[in-house]
Structure formats: structure tokens, C-alpha cells
2 protein chains.
Amino acid sequence: MNALGLVSMRLCAGLMGHRSVVNLPFLRFSSGMTLSQIDEEVAKLLQLKAQLGGDEGKHVFVLKTAKGTRDYNPKQMAIREKVFNIIISCFKRHGAETIDTPVFELKETLTGKYGEDSKLIYDLKDQGGELLSLRYDLTVPFARYLAMNKITNIKRYHIAKVYRRDNPAMTRGRYREFYQCDFDIAGQYDAMIPDAECLKIVYEILNELDLGDFHIKVNDRRILDGMFAVCGVPDEKFRTICSTVDKLDKMAWEDVKKEMVNEKGLSEDVADRIGEYVSMQGGQDLAERLLQDPKLSQNKQACAGLTDMKLLFSYLELFQVTDKVVFDLSLARGLDYYTGVIYEAILSQTIPAPAEQNGADEAGVSVGSVAGGGRYDGLVGMFDPKGRKVPCVGVSIGIERIFSIMEQKAETSSEKVRTTETQVLVASAQKNLLEERLKLTSELWNAGVKAEVLYKKNPKLLSQLQHCEETGIPLVAILGEQELKDGVVKLRNVASREEVDVPRADLVDEIKKRTL
Amino acid sequence: MNALGLVSMRLCAGLMGHRSVVNLPFLRFSSGMTLSQIDEEVAKLLQLKAQLGGDEGKHVFVLKTAKGTRDYNPKQMAIREKVFNIIISCFKRHGAETIDTPVFELKETLTGKYGEDSKLIYDLKDQGGELLSLRYDLTVPFARYLAMNKITNIKRYHIAKVYRRDNPAMTRGRYREFYQCDFDIAGQYDAMIPDAECLKIVYEILNELDLGDFHIKVNDRRILDGMFAVCGVPDEKFRTICSTVDKLDKMAWEDVKKEMVNEKGLSEDVADRIGEYVSMQGGQDLAERLLQDPKLSQNKQACAGLTDMKLLFSYLELFQVTDKVVFDLSLARGLDYYTGVIYEAILSQTIPAPAEQNGADEAGVSVGSVAGGGRYDGLVGMFDPKGRKVPCVGVSIGIERIFSIMEQKAETSSEKVRTTETQVLVASAQKNLLEERLKLTSELWNAGVKAEVLYKKNPKLLSQLQHCEETGIPLVAILGEQELKDGVVKLRNVASREEVDVPRADLVDEIKKRTL
């Protein structure tokens, strides 16, 4: 028995001795357990131990958030607010409405939408009602919403958390609970116009967030399928080969090829033909060249995709975003529901990831994809009782990785992040002025001034000034017997230490003027 | 067999015939089922049916959101945004920071915090990791956050959804997924100052939301406990009698008394003595009078509570909010964790609730409580390994009921709710100008103007103008061959139908000026 087995056994023995009826259905140890699985089992045992009362009847809590999740502290929230404001104003600039959907859906709603990733869905316990799952993305709930309300035209954004039981890599911004910021256009329109707007939006947002250089890869499911067909991939293997191609951003071609041949059963020949295509990158010119390709040009699907790609680039030209957009035949994207254009935005900068338990395949990788999306013309029809289709195209901004970068930036920067917007602290240098301080604070609140007052009867002036310096409050309104007698308030600038007597009637205006 | 049994049987028979291995652990029918339970069972059966493939192999979806939840459409979101803005600016005016916590916590974190309501907690399925539950409120996660990060001082707000497997009454704004807007002050401070600020905040928010008249009931757990003690309630029954008293806002005293005597085992005598106290309402004067009460004044707890109540009212006077605050001895509040002051805000207006399936006890009730809270000095200590206490007081605004009222207001009002902020639609009266329209739209976006363009090659001018009228876009920028030649854009005011040629270079300024 190894050390870990011993730990588990000890925990079990400790538990068993405590109370007689203990249900341990999850104690399934095997030599094939990963470190992370063992962590989870240990956590569960500790939880159970705490539930049973722990040592000496005292409750022992496991003081942590659930695996792969995190709290946001006020500083992180200030950064988050800034990022959201940039994203939301972009969505609004493009005329989008917003909706919200519940955090859980009927389990059935999510079934059959995510291919191999379905195993990552969080289910709720059956507590005697409907069978429910936490949403895995915002796209499927959006499609369900459209079908349910018979909506055929909408441009909407939706910012909310989604849930995936994935292997977390938190320092690199991969969580089990994370935000998605989705923008989608639903409706029957002329080709490639909404698709181009989605790319324009990604471009605008990444530019405004000021995260350094980036590029946006574009491809089309029809081009991929046509390519697979002319390379000799059997129809039923299109989706699984697509998943393998999708790994090209993390794996070398040689390894991808191995998976195609050894695991997915393609011949070397077929794999090599795919290899030639997926190495191609370009712009409108590449689409034109491939339309002349002797093999691809014979495939209807591929031709439709390539013609649309040309059109897309002509619109991107008008939107002046072609400097960052690359037509890349290796872009595949994992999800089942895409039917046309697909895209993914990648930041050029890398985050130095500290060593993690999650395996060697994680190390030294770039931040990677921060936005992705595509066209999914069939998804709404899957929900409509009569199968009526509503063509859709959209993009999802992967906010967590962006947060990670912004947080690191904020940490290295000398500029202090303020977590409140307080304009003034109402203070006093003398004792027994609590009531006067509360009265003035209330007056300021009523006038719309952001004001604080320390919750002490007789705080020291020094501790009041310290509070301002720590939290970045720029002004102090100081009351004393003399000021009260004179009908003034001493207004102090925290940074410059200048003080000036302001008539009480002018105080609100003076504070507003100084904190514009 | 009644009709409903027959329906269930038919469904079962239909299911059984389809595939052989079907696991139906939830098929527990009994004559004691409520209508709502039957609804849930039917929904589950239909879900299962859909999963099994339904008729003729075609997927039959149950197209709905989970029981007790709802989508927010763009109009509802516009109202929600307005409400949130009012609440958040109030919190910020009072100098609060904000935090966020995950939607689920370790199950253990929630255990033993909610008394009888614990049965309403949503658990996640054990999928081989930690045991998790959806958060039931924002207070317990806040306490966990403080203990985990060893924070002893913070003033924070948190706006997020919480989850309760309660009997929904959606037309009255009672959902299983609903928002809470919490403001809490943690830290060791002088008595009643933060408590008074919480009440001031409730007052400000309800005033600004303009929901008609309201009042805020205040009481103190120590006064309640002292009152129970002097009336002769045994110590171990304090909490359960508290729950019964809590029903006084929905039940007559006679029924509450019956519950005390018949279910909770109090003597008639004891119940009557409680009845005398809980009929008392007043202000600072009542606190003073009760401090002279021959029985209550003998109880240490009660005296501490009453002395603090007097102090609280003196601060409320300074904050000028005593016109809405009532010291009410019948206010109890259900949650276990309160230790001092408790309060609840009640709107005076009633919503005419349509008949619902949820039983007669629902009909004709007022909107009721829209905010509540209190002091909980022991909760953080429950999480701290060494039991270190962090005194806390806070308030939770119950947004859903407020949404319901605002939605009904919006429906009856003649004013149209805009769901986008688009300033201008880029249009054209002639064919073949798509590229020029896209180019101009892009220019406007780049200049920060909120602009839309229809996704059609050659849309009719009429349909472009209709889009503006439907969505409230105030301006149209019209391009034609002549305008392009002259370097101008025809700017049309949708409401007045006035048109004027604006030089292209001045267009952005002109739009901004007109849509301030």
C-alpha cells in the first residue's frame, strides 16, 4: 500500500469509529487514480468527517470554495467592472438588446448539443422534481429561448456564468465556473453581413481592452467538411476528425496525425492529404486560390464555404479589420452545432504559468483563445416542435483569461486600484461629535454625494485620515466646535493636505466640483 | 383510478414499450400528491419520454424553463437594469465595495445555517467530486468569505442569484431562482451606528424606486428572547416559537396561538402573554416604556435589546427616516443566525394576484416584504477554525417583487420601454449601396456612435424606417448616389420626419448633439 492509500485508510478508520451508519458510496480507490481525483476524494472525506462532527464534537469546516471556482475580492471586482463596461458598451454600440436565462436548464435541453464534452455538464441531484443541469454555455439556452418564444429575429448579448466539470487551471484563467459574454444575431439575412459584424465586435473589444497584439482565425465548417470529403475521410468520421484537427493549436502535426491514424482509423495517405490543407493560412487570396483547387472545387460544400469566405473578407475590408483576421484551414472548434463560419481570437502575449498539478501538457502555453464563435443555423430547429430553423451567428468572449491578464497588469502597475467611489469622509478632531458627523453625512447622502463616516463614537483624526489614504478617498469634511459655531466645514484635500473652510451651504457643490 | 393516474399510466406504458432498460426510481404515486407535485412528475415523465426518443424516433422536447424559474426578455432586462442602477448607486453612495462568490458552495458550508428551511436547498448530483449545493442566500457565502480570508472589517454589497426549492408563486414575484441585493457591514464598531445605516439604505432605495408608501418594521432577537423568557417559554423552544411568531404577517393571532398551543406545546397562558407583547407597535417611546415594564425590565437580554433600540431610534432621527420605521414586537424573521436587531420593509400597495394553483393561502395578500435583514454576530465565527467572531449587520433587497411591480407599471404606462440605445440607423433608399452603408456604419462605430444597419443587400426604405419606429431609434442617416457625390448624408428625425443634409465630416458631432 502506498502513502496515499494509507492516508485514505486512516481517514476511513477515523470516520468509521465515530458513528455507526455511514454511507460511503464514493469510496472507489484504484491504482489508476490521478492526483486530482485523489484530491477530490480526500476533500470529500474531509467534508464527510466535518459533517460527522470531527474531533471532540467540534465542527471542523473545510474552509474553501468548490474545486475550480473562486471568489472575487473587491479589487478583482473593480477590474471586472471595467472589463464588463468596455464589452457592454461595444455590444450596445452595435444595437444589441440583452436577455437572461436561468442558471439551470432541463437536463434534456442540453442533451446532444456538445458532442464529446457532454460529460463535463454539472447535473443537479434528483430531489423529487425535474431533472436539471447547470448551463454549459449561453448558446444552447439562447436557442431554447428563441424556439420557446417563437422569436425569429433578434440581436442580443448575454453576460453570465457557465459551468464545466473540466480540469481547472486557475492561474491560467481556466475555471469550472466562468463568465461568458455572448453576442448573437438571429434571423434570415443576406450572407455574411451579420458574420462580419461579429468579427468587427471581437476586433473592437480586444483593441479597447488593450491586451497587446492578437489575431482572429477564421474558417468554415463547410470548407472543413468538403476538405475531409475530398481527402477521403468517411462521412461518419467528419465530426471526430474535426475534434482531432481542433487540437492543432496545442499539439504538433505529427501527434495529430498519429491520433488520426492510430485512434481514429484513417489511413496515412488520407491523414497526409488533410495535413497539406490544414497548413494553409491566408486571406481573401487563399479563398480565391482554393476555389481553383482541382479537388476542393469539385466539392459543393467547400465551394459554398469558400465563396462566402471571399464575401466575408470583402466586408471585413470595409470594416477595416483585415489586418488581424487570418483564414486558417486548421481551425476546427469542438462544438457540434456549428454549420458555417467559425472563428477564434488568440492573444499573442503569454502568461508565465507556475508549475501546476495538472500535467505536463499545460506548461508554457500561451493564454490562447479569448473569444470564439461561429454560425449555427440548425440549433434553434432542434428545439422547435416543427423543426423551423432560425439561422444564427454569434461570438463568445472568454472573460476569465482576460481578467487574469488584467489582474497581473494591475499587480505590477504602480497605480492603485480603488474599490469604492467615496468622495468624502466626514470626520472630526474632537470628541462627542458623533451626532453632528452622522447628521452631516446624511445631508451629503441626501444630496447625492458619496460619503462615509467611521462607525466609532470618538475616532482619532489620524485613523480617519488613514482610512482615506488606504481607500483613496480624496476629501475629508472635518467638523469641530468652532466650525459648527461658524456654520462652516473644514474641507481637507487628502493628497495635498490643504485645508479650507467652506460655508456649510456650499459644501455639496464644492465637493462635487472637486471630485468631477 | 382517477384521471391523473390514468394519464401517468398511459405515459408509463408508452415509455415501457419503447426501450427495455428504463430506470424509473421517481415513480412514487400516492393519493396525497398535490397538483404541483403531479405537474413535476408529469414533466419528469415527459422529459424521460423525450430522452427515449418519443414517437417515430423524433425528439420531443419539453420546451420550458425549469419549474419556478424564468427567462428575462429584453424589456424585462431594461427594467432590471434601471432597478439595479438605483440600488448600486445607493450602495456606492454609502462607500461599499463589492465581491462575488461562486453559485455553489461545499454542501457542508450551508449545513446548519437555515433551520427549518434547509430542506429547500438545491444539491448538485455527486458526479465524483466534492458534495456541492447551490447558494441559498448571499449571507452565508459572505461569512465563509470573511472567515476564509481572515477579513475583520468590510462594507460590501453583493448582487447575485440565489436558489430555493420553495413553492413558486411567480405572478407575485416568488421564484426558485431569484436575485438578492445584499449590503453588509462587518466589523467591531460602536453600537447601532452601522445598523442605522442599513435602515437608512433601505429607506433611500425604496424611496428612489418610487414604489408607493412603505414602512420598515424593526425588532431585536434579544427582545424576542427576553419576551419569550418572561412569558414562560422554555429555552429550547425559543427558535421554534420564533418561527411561529414570524407567521403573524400572514396569519391571524388566533391561528398563530393555535399553532403555539397545539403544535408547539405551549400552555394557553404562556401564549396569551406572548400575544399581549406581540400586539405592541411604536417608536422610541415604546422602547422606553418597555424598559419600565415590570417583567421585561428584569430580563438582561431584553434590557440590552431595548437600550440599543432607543439608541437606534436616536440615530434614525438624525438620518430623518423615523417617519417610516416602526418598532414592532411581532417581527421575528425565520433565519437562525440573527443575534440582534432585525428588520423588514413592507410595501403598502397590493398586487392583484390571478388565481394560482398554489392553494388558497396565497390569494389577496399584499406584495409584502421587499427587504429584510439584521445583525448576525455569530455566523462568521461558525466558519473560523478558532471561532473568532466578526460582528455583522446587513440588509437584503428582494428584487423580484420589485421587478414584478415595475413590470406591471411599465405595461399599464403609455411610455414605451426601449431595449436598445441605438442612436442612428444607416439606411439607403436606393439599390446597390450595401457597401457604402457598411462603410458609414463602421465609421460611426469607430467614432463611438451607437449605430445599426439592416443586414440586407437592398432593404426598402419603408422597412428601414419601420425598424426605427419599432425600436425607438431617433435618427436615420440616409445615403444615396446624390449624397455620396455631394459628400453629405441626409439625417432624418424619425419622430418629426424632418430631413437635413449634413456634411459627412460633421455627421458624428451632429448625431451626438441630437441624442444627448
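Quick reminder: no glycine exception, Cβ is built from N, Cα and C everywhere.
So that you can see what the record holds, here are the features copied from TrEMBL:
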DOMAIN    B:68-406  domain 'Aminoacyl-transfer RNA synthetases class-II family profile'
BINDING   B:ASP137, B:LEU138, B:THR139, B:ARG164, B:GLN180, B:ASP184, B:ARG333, B:TYR337, B:TYR338  L-histidine binding site
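Recorded features from TrEMBL, shown on the structure.
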residue: B:ASP137; record: L-histidine binding site; contacts (Cβ under 8 Å, 6+ apart): B:TYR114, B:VAL162, B:GLN180, B:ASP182, B:SER396
residue: B:THR139; record: L-histidine binding site; contacts (Cβ under 8 Å, 6+ apart): B:ASP182, B:ASP184, B:TYR337, B:TYR376, B:LEU379, B:GLY394, B:SER396
residue: B:ARG333; record: L-histidine binding site; contacts (Cβ under 8 Å, 6+ apart): B:ASP246, B:ILE342, B:GLU344, B:GLY372, B:GLY374
residue: B:TYR338; record: L-histidine binding site; contacts (Cβ under 8 Å, 6+ apart): B:ARG221, B:GLY374, B:ARG375, B:TYR376
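Counting Cβ atoms from all protein chains shown, B:GLN180 (L-histidine binding site) has 18 others lying within 10 Å of its own Cβ.
Of the residues the record lists as binding L-histidine, namely B:ASP137, B:LEU138, B:THR139, B:ARG164, B:GLN180, B:ASP184, B:ARG333, B:TYR337, B:TYR338, the two whose Cα atoms sit farthest apart are 21 Å from each other. DSSP gives B:THR139 (L-histidine binding site) a helix state.
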